[in-house]
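A.B. asks: The structure under discussion is supplied below as structure tokens; questions concerning it will follow.
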Amino acid sequence: AATLLLSRCLLKMVKGNIVVPEEILSFCCNGLQGSTSPPRAREPEEREEVPGAMANPSPSRNPTEVQMSQLVLPCHTNHRGELSTGQLLKWIDTAACLSAERHAGCPCVTASMDDMYFEHTISVGQVVNIKAKVNRAFNSSMEVGIQVSYEDLCSGKHCSICKAYATFVAQGPPGSKVKLKPLTPQTEEEKIEHSIAAERRRMRLVHKDTLKDLLTRSPRETELETRDGSVAVPAEKTRVESVELVLPPHANHQGNTFGGQIMAWMENVATIAASRLCHAHPTLRAIEMFHFRGPSQVGDRLVLKAIVNNAFKNSMEVGVCAEAYGQEMSVSRRHINSAFMTFVVLDEDGQPRSLPMVAPEPGEGERRYREASARKKIRLDRKYVVSCKQTEVPLSVPWDQSNKVYLSYNNVSALKTLVAKTNWTLAREKEKVRMYTLEEDKFLSFRIEMSVRIAASQAFSLLSDLRRRHEWDRHYVSAELVQQVDDDDMIYHVVSQTLSHENKPQDFVILASRRKPCSKGDPYVVAFRSVTLPTHPASAGFTRGETLCSGFCIWPESEETSKVAYYNQATPGYLNYVTTNVAGLSSNFCATFEACEKFLLKNKEDLIVRLQDL
């Protein structure tokens, strides 16, 4: 921290043509290396706020939080004076690993890294600030959230670079597994990340299946893209192979190669492959979600292979593979990792240039070509649905097989985000029913809750079937199951009694996503959101309605009692009605929820009998 402060002063002195003593410059050159160690405690009278620096640690800060600040030196940059993405990946992995080990209390290794989108480049002389903390601990693995930003020391400007999620696995003695202690979130932000971490974990597990499913439905024949006046470059000309010897500086305290170091080597060969296609200096824009398949140790030889899989109009995908072997060449190589990186070539105005086409090799090359197109479709869906802020996601997103996983994720995570909000206001309490409101941005949200003498699993089973909702909710006329996506996701066509301003009944196409608790303390979740289906377009007899975020959360209070809460986020078009009918609306909600309680109590005995029969 002291070195960063001194560097700020030096930059201002140089900018003002002030002569800097050689001894000070020597100290800075030798001392300006980032540190992940927490700052040494000082007496209160010595503390001072440094503009632009990371906040001083506070007693309430997450104990797993690690902050790293690195000054970008010429040795960290490429020919353009911009921070090498490989170097940034090493810093990210180091900070995340230290955070994971703070929670685990034992050595940890990188298991996977989610998609990373790099929004800006970082120049020499700027500071990279990295903050990492554990979002949630599962059995022997944990999710670490990483935020990366840069700071310009002269202007004081701060800018976000990327946000990433990494999975780390705790390593105990050989042959034993480490059982991680649960993490208790404190702040609203931590509660949201803790809750949604289970959804992100679920999405990682089905990532490969999503790609296979999309490829199964796509044409087997490889159709090459055609562009006017463009000659296709054989993919074989972009192939790169390089070998690296793993030395002690490349490994952690266990002797395993740093995941960040492997990522940096992979980024290096991928950049070379991309350059061979475009004959220019490409910029890395995104890294696909990838998994480490196994460790490598000091003394291993890492063979890194890269090739351009496909080139689109303004971007290209490069596939990279890392394999390891020891001194004995006769021993088969171990597959360590595979990754897919997206590059662009920027013109003088910073806009992506058009790229030449790629002619894939027959067989394996054509397979990689098709898979690259499928990954681009998935990547756009994921960025469109998952990466957007809740206020930026359209009310009704078109549903298809390629984005079903991400729509389900967005559906559940939006409800969990609403549940984790802390500034709810009690609007009405009538006997056992309590109604809360939350005003935020352009949305007005409602929460109605009560305790019911029914097991949480039984309430979950009854409330997750929209076909029975008309039995207790007088606003529902009918709900038809249109598509059973899987065991946890269903699409319904719902007809409501509510009349629109056109004096027509409303209908909805709703995705219902349900989740059982991931661990103790988690609620049962049933989330609803609008989607569009080609088979069910809007019809003249109805006014098509939309719901952004609603659903149930059910917490077990005992074996026979549950807390049932219903959430609804009103869209802007609904606000005028709400503001003029607050009293009537709250009474309506309470009456409907009381009817819901009677429905649950009436049907729980029948449900027990059916479950016993099964």
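For all residues, glycine too, the Cβ spot is worked out from N, Cα and C.
The region 'Disordered' annotation in TrEMBL covers 34-64. What TrEMBL records for 62-174, 236-349 is domain 'HotDog ACOT-type'. The domain 'START' annotation in TrEMBL covers 424-594.
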A.B. asks: Do you know the DSSP helix, strand and coil residue counts for the domain 'HotDog ACOT-type' (236-349)?
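C.D. replies: Taking each residue of the domain 'HotDog ACOT-type' (236-349) in turn, the totals are 26 helix, 51 strand, 37 coil.
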A.B. asks: Across the whole of the domain 'HotDog ACOT-type' (62-174), what does the mean pLDDT come to? Round it, please.
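C.D. replies: Residues in the domain 'HotDog ACOT-type' (62-174) carry a mean pLDDT of 93 in this prediction.
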A.B. asks: Could you put numbers on the helix, strand and coil content of the domain 'HotDog ACOT-type' (62-174), residue by residue per DSSP?
C.D. replies: 23 helix, 53 strand, 37 coil
